[in-house]
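Before any comments, here is the structure.
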Amino acid sequence: MQDGRTTLSKFLIDTLDRQPCASTQGMAGLSALLIDVAAAIKSISAMLTKGALGGHYGSAQTVNTHGEEQKKLDVATNEIFVQQCEWDGLLAAMVSEEMEDVYAIPSGYPRGEYLLAFDPLDGSSNIDINGVVGSIFSVLRTRDPADSAATESADESANEAAFLRPGCEQVAAGYAVYGPSTMLVLSVGNGTHGFTLERDIGNFVLTHSNIRIPDDTAEFAINASNERFWEPPVRRYVQECKDGRSGCRARDFNMRWIASMVAEVHRILMRGGVFMYPRDSKTPAMEGRLRLLYEANPMSFLIEQAGGLAITGRERILDVRPHALHGRVPVILGSKNEVERIARYHGEYDRGEDKPFTSPLFGTRSLFLPDFTA
Ligand code: F6P
């Protein structure tokens with residue numbers, strides 16, 4: 001497929017619909033669903049482009065399920081996703097950062113076999129400063145077609161448990177980044193591909209096929225104001241980067257923080273790097289800051305499909321078994337060799353091999369150490 005000429009629809013037809021066993025493998029309808037998602041993204045892009053003139057700035061005077069104040073745009077973009085995707089007979093249910101419970105497809109519409117989890121407006125604190133924001137989405141199938149499809153009732157396919165599956169079961173994932181141009185970055189399990197919105201015509205056009213993340217990098221992204229709350233292995237890694245040429249890494253590193261996960265992941269897909277929102281002791285009840293189902297999982301899928309790695313520090317994110325719709329997880333992702341190094345630092349800390357970095361803030365050591373080099 002040719003960059004600059006292939007539209008999203010053509011890409012999806014060639015990648016999914018023209019595969020010999022598309023329908024028997026249960027992938028029928030996935031391309032149509034992704035086109036619905038792309039339509040939602042185009043509407044959101046048009047809305048955001050209007051900026052303060054669109055009448056969508058400011059607070060919605062409501063609070064979401066995480067106790068965060070919802071902005072008018074959070075509510076409006078959530079509505080756009082729901083309305084574009086609910087009617088087409090492709091979905092059984094949806095989950096969104098902006099909705100507390102599972103949204104089952106209303107009985108007036110036909111039900112399909114896919115489940116959509118999404119964050120309609122990621123990084124929304126950037127809205128007021130006209131900064132980069134995004135939308136993130138993840139697609140699961142309600143069941144394996146080899147399973148007893150006939151015995152699963154509509155209620156079972158649309159309840160909370162249907163969504164509580166590890167990210168390695170995703171059949172598609174992607175994000176939109178609303179920057180100077182709007183891009184849709186997508187994977188259906190055959191690499192990560194980027195499409196740029198041609199605004200005059202309204203098509204997403206393939207511009208970045210088969211994105212590959214360099215294994216090595218000298219750039220990291222983390223909210224450094226949380227340093228005192230980090231675990232020792234993360235403090236060790238960041239300190240070594242900051243030591244630069246005169247430290248044990250023997251080279252200078254650069255740091256970036258945009259406060260928008262979509263923008264950080266996009267940069268990493270374009271030129272490499274590491275993004276961290278690690279476990280910290282700031283809010284002990286929370287495992288991490290980012291949500292597993294509609295932030296960490298889809299981004300990890302895209303990163304792995306582009307040759308990078310995504311871990312919690314101690315476990316591959318795509319293997320984490322979710323316990324709650326809006327559950328959180330620590331996230332460390334990006335260039336393979338750096339993420340492997342951070343995994344090793346967690347292992348050394350857990351085994352007590354890094355005494356100078358042992359902190360009273362984190363008294364417990366995990367004995368679990370994955371082998372990311374396997
Ligand atoms: O909702 C998550 C998010 O907005 C991410 O997009 C971003 O990476 C992070 O939170 C920013 O966090 P902080 O406010 O700590 O900079």
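Glycine residues also receive a Cβ, built from the backbone N, Cα and C atoms like all the rest.
What TrEMBL records for 7-208 is domain 'Fructose-1-6-bisphosphatase class I N-terminal'. Averaged over the domain 'Fructose-1-6-bisphosphatase class I N-terminal' (7-208), the predicted model reaches a pLDDT of 89.
According to TrEMBL, the feature Mg(2+) 1 binding site maps to Glu97, Asp119, Leu121. The Cβ of Asp119 (Mg(2+) 1 binding site) lies under 8 Å from the Cβ of Ser96, Glu97, Ser135, Ile136, Phe137, Arg291, Tyr294, Glu295, each on the same chain and at least six residues away in sequence.
Residues or ranges marked as Mg(2+) 2 binding site in TrEMBL: Asp119, Asp122, Glu295. Counted within 10 Å of its Cβ, the other Cβ atoms near Glu295 (Mg(2+) 2 binding site) come to 27, all protein chains included. In three-state terms derived from DSSP, Glu295 (Mg(2+) 2 binding site) belongs to a helical segment.
Annotation for Asn223 (substrate binding site): same-chain Cβ neighbours under 8 Å, separated by at least 6 residues, are Trp257, Ala259, Tyr277. Marked as substrate binding site by TrEMBL: Asp122, Gly123, Ser124, Ser125, Asn223.
According to TrEMBL, the feature domain 'Fructose-1-6-bisphosphatase class 1 C-terminal' maps to 213-346.
Proximity of the binding-site residues Asp119, Asp122, Ser124, Asn223 to ligand 1, judged by a Cβ distance under 6 angstroms to any of its atoms, singles out Asp122, Asn223 in sequence order.
Same-chain residues with CB within 8 A of the center of the Asp119, Asp122, Glu295 CB atoms, the Mg(2+) 2 site residues themselves not counted, are Glu97, Phe118, Gly123, Gly134, Ser135, Ile136, Tyr175, Met261, Val262, Leu290, Arg291, Tyr294. Ranking the binding-site residues Ser124, Ser125 by the number of CB atoms within 10 A of their own CB puts Ser124 at the top. Counting only residues at least six positions away in the same chain, the Cβ atoms of Ile44, Lys71, Leu73, Asp74, Thr77, Asn78, Ile127, Val133, Gly134, Ser135 sit under 8 Å from the Cβ of Leu121 (Mg(2+) 1 binding site).
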